[in-house]
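Features reported for this protein in Swiss-Prot:
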type     : residues : note
CARBOHYD : Asn97    : N-linked glycosylation site
CARBOHYD : Asn209   : N-linked glycosylation site
SIGNAL   : 1-22     : signal peptide
TRANSMEM : 225-245  : transmembrane segment
Amino acid sequence: MAASALAWLLLWAAGLVGRLAADISDARFSDGVRATCSEIILRQEFLKDGFHRDLLIKVKFGESIEDLQTCRLLIKHYIPTGLFVDPYELASLRERNITEAVMVSESFNLEAPNYLSTESAVLIYARQDAQCIDCFQAFLPVHYRYHRPHKKDGDTLIVVNNPDLLMHCDQEFPILKCWAQSEVAAPCSLKSEEICQWKNMQYKSILKNLTVQVPVGLTIHTSLVCSVTLLITVLCSTLILLAVFKYGHFSL
């Protein structure tokens, strides 16, 4: 009886040691594969000045990508309430082959001010950079929304979070196994209704978050602005009426 129990104990111990060795081997293999993976670097910046900006997104892969020609990159960006993207402008840009972006938010109001709007989502199919073999870039025009006037500070800060980086390749690459976190279903291309499984990629961002300052009005100027607006409205209406009575031709 004791010998049987001892034999079972030895078998259990051997199995445990085998599993631990396998786990350690897998962990070392995973660490080795990850160690050979170069980082995916994402950078986004605003171009132009004023209330109408261009958001430029650049993605650089390391040398572990052997052939990017078989891969497609999709950027899912979440536009904060302080900004908006014009879907009609996007349609015009798509027709001219300037960018490949489409709104995915169903309820969207272009005219809503910042405090009445909601976050919106945009899908941008990035294109390979002709000047960089391992680079993609995407372009998205954005516009400022109207903000409430402030009591003291004449500026407000808008924070643009980092986007989701999705990748789909016709063949497997080591980097996909290294940095893929999950799979996301999305259209294979802008002109296709076919759904592909995209890998949500982990990356390193140059900036933690992109920020931009928006000038806003001051509440202390409310009475002045209202008075001047009313005065100009009355003056222009009077001039229009005088011109109508002076140069207009009336017949009874």
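Think of each number as a place in line: the chain as shown, counted from 1.
Using the three backbone atoms N, Cα and C, a Cβ is placed for every residue, glycine included.
The shown structure was predicted, so the numbers you read here are calculated from the model rather than taken from an experiment.
A separation of roughly 29 Å, to the nearest angstrom, links the Cα atoms of Asn209 (N-linked glycosylation site) and Asn97 (N-linked glycosylation site). Taking the glycosylation sites Asn97, Asn209 in turn, the residue surrounded by the fewest other Cβ atoms inside 10 Å of its Cβ turns out to be Asn97.
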